[in-house]
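Colleague: Encoded as structure tokens, here's the structure I'll be asking about.
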Amino acid sequence: MPSNPLRVCVVGSGPAGFYTAEKVLKVQQQAQVDIIDRLPTPFGLVRSGVAPDHPETKLPYEGEGGEEVVSFGYSYILKFLENKREAIEGFGCVVVYNFFFRVTSMSLGYLENLQQIVINQFSRVAQHERCSFFGTVTLGSSISLSELRELYHVVVLAYGAESDRSLGIPGENLKGIHSAREFVWWYNGHPDGRNLDPDLKSTDTAVILGQGNVALDVARILLRPTTELSTTDIASHALSALEESSIRKVYLVGRRGPAQAACTAKELREILGLRNLDISIQEPDLILTPDVEEGLKCNRIQRRVYELLSKAATSRPKNDAGLSKRQLHFVFFRKPDSFIESKDRSGHASGVNFEKTVLKGVGPGKQIAIGTGEFEDINCGMVLKSIGYKSVPVDGLPFDHKKGIVPNDRGRVLSDTSGESTLLEAGLYVCGWLKRGPSGIVATNLHCAEETVLSISEDLEKGVLSSSSPKPGRDGLLQLLNDRNVRVVSFSDWEKIDSEERKLGSSRNKPREKLATWDELQKYTL
């Protein structure tokens, strides 16, 4: 290690953070990289945001229609060649291209056994001789942004979006109303979701606001037989609650129509294929206007979603009415106007009041939902709001509250929201959802990180950024945290947690049993 290396701190250990660290280590051969995170567990949404019955989704790349592909060794995964999909699947294999255009193939049956691929890749980054991971370090309380910038030549903010958008309608604070993020954290064993305790016994009906992949995830968890969940890495407290759940009917409600549904075909196919589940879709909702129909011709992904919904609406139920135990209702052209308080349980939600909507064109191929002034209620005892994640700023960080992102030019943080690229915050960069908003798949963060790291390299070459002046870096960080009695969790500490979770899971025929409270996590790092 040179006496004065480029010292880089990445805040956030999800995909955006790890991809950034990996690229910096590769491009800047003498750089020293530290990754900090407020949690003792790394990997972000790969650990706490993916549904437990979707281990393959934890892989880095997902095709446009939702098909996952995987990589081996040092190759990255590239997107599945959609025009080859039908022929390739006919032979029972997936063709995977890496960046060197080498080709390999493998049985489709291996996909479900490859959930560790991305975690192993990130683990190699954390174990690199020029990289360190420091958990339980919270930006804003353990250390300020200004202090980090004093310690490091480069600070890259990649801490994602850990809050929720608000609807801003009456009754939103009633009991029984939760964000989908909170629910996902609850069933995935996130320590901040352990105390959610959703009431699944007092009602047989849940309403989910939104029709994206997260909305379908939470609907699927509510409706899937628990015998199928019991061998996944779902948190034990969530599995126990779901085993006693009374919920048998779920409404997935969207503001627009089936041609604008935000989910992918893969997610939709899976929930439509659940056992002992009746699907309800009103056929009039499937009628397309000429403009929407024309738009579908140019959008293969959305067309496939629409075709699946149309088929589900016209297909007969898989089960006789007397045998069917659970129902999924897709409700379109409705926007929530208010939440209804129960007359029997003060302070609890008993339903949602919706305004019916119609589509209004606002540009080529784009429609928005506008209210018609006609209203209707859907009675329920639980509501999950899947309307989007929101990033939270820290002191000293420029932030565009309207867009929910840090103003930036290809990852370079700008001093204000004007977009003027000359107003740069020297040495401060951003990546992931904090950079572009909560969108995309795991793979999107790779391209996002590449762009940010390229900006760092360009700034070093142009002299905008310099590493000639010594910075304390890692030593300074650890000294400051020690002075404040902040107990840091190292990557080797995380490996103790990982080992214990695997051990507990093995005894229960699960891949792992997550330690789901702060106390449990801290116990195994002592």
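These residue numbers are counts, starting from 1, taken along the chain as shown.
Glycine is treated like the rest: Cβ placed from N, Cα and C.
Remember, TrEMBL labels are computer predictions, not curated facts.
TrEMBL lists these features:
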BINDING   A16, L45, L139, W433  FAD binding site
BINDING   Q211, G212, N213, V214, R255, R256, E267, G440  NADP(+) binding site
DOMAIN    7-242  domain 'FAD/NAD(P)-binding'
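Can you walk me through where each of these features ends up in the structure?
Modeller: Around the Cβ of R255 (NADP(+) binding site), the number of neighbouring Cβ atoms within 10 Å comes to 22.
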Colleague: Which binding-site residues from the set A16, L45, L139, W433 come within 10 angstroms of V214 (NADP(+) binding site), judged by C-alpha positions?
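Modeller: Correct set: empty; none qualify.
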Colleague: Looking at FAD and its recorded binding residues A16, L45, L139, W433, figure out the farthest C-alpha pair and report it in angstrom, whole number.
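Modeller: Greatest Cα-Cα span of the listed binding residues: 18 Å.
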Colleague: For G212 (NADP(+) binding site) and A16 (FAD binding site), what Cα-Cα distance in Å is obtained after rounding to a whole number?
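Modeller: That comes out at 21 Å between the alpha carbons.
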Colleague: Average the pLDDT scores across the domain 'FAD/NAD(P)-binding' (7-242) and report the rounded value.
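Modeller: On average, pLDDT over the domain 'FAD/NAD(P)-binding' (7-242) sits at 80.
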Colleague: Measure from the Cβ of N213 (NADP(+) binding site) and count the other Cβ atoms within 10 Å, all protein chains considered.
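Modeller: If we count other Cβ atoms within 10 Å of N213 (NADP(+) binding site), we arrive at 19.
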Colleague: Most Cβ neighbours within 10 Å: which of the binding-site residues A16, L139, V214 is it?
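Modeller: Most Cβ neighbours within 10 Å: A16.
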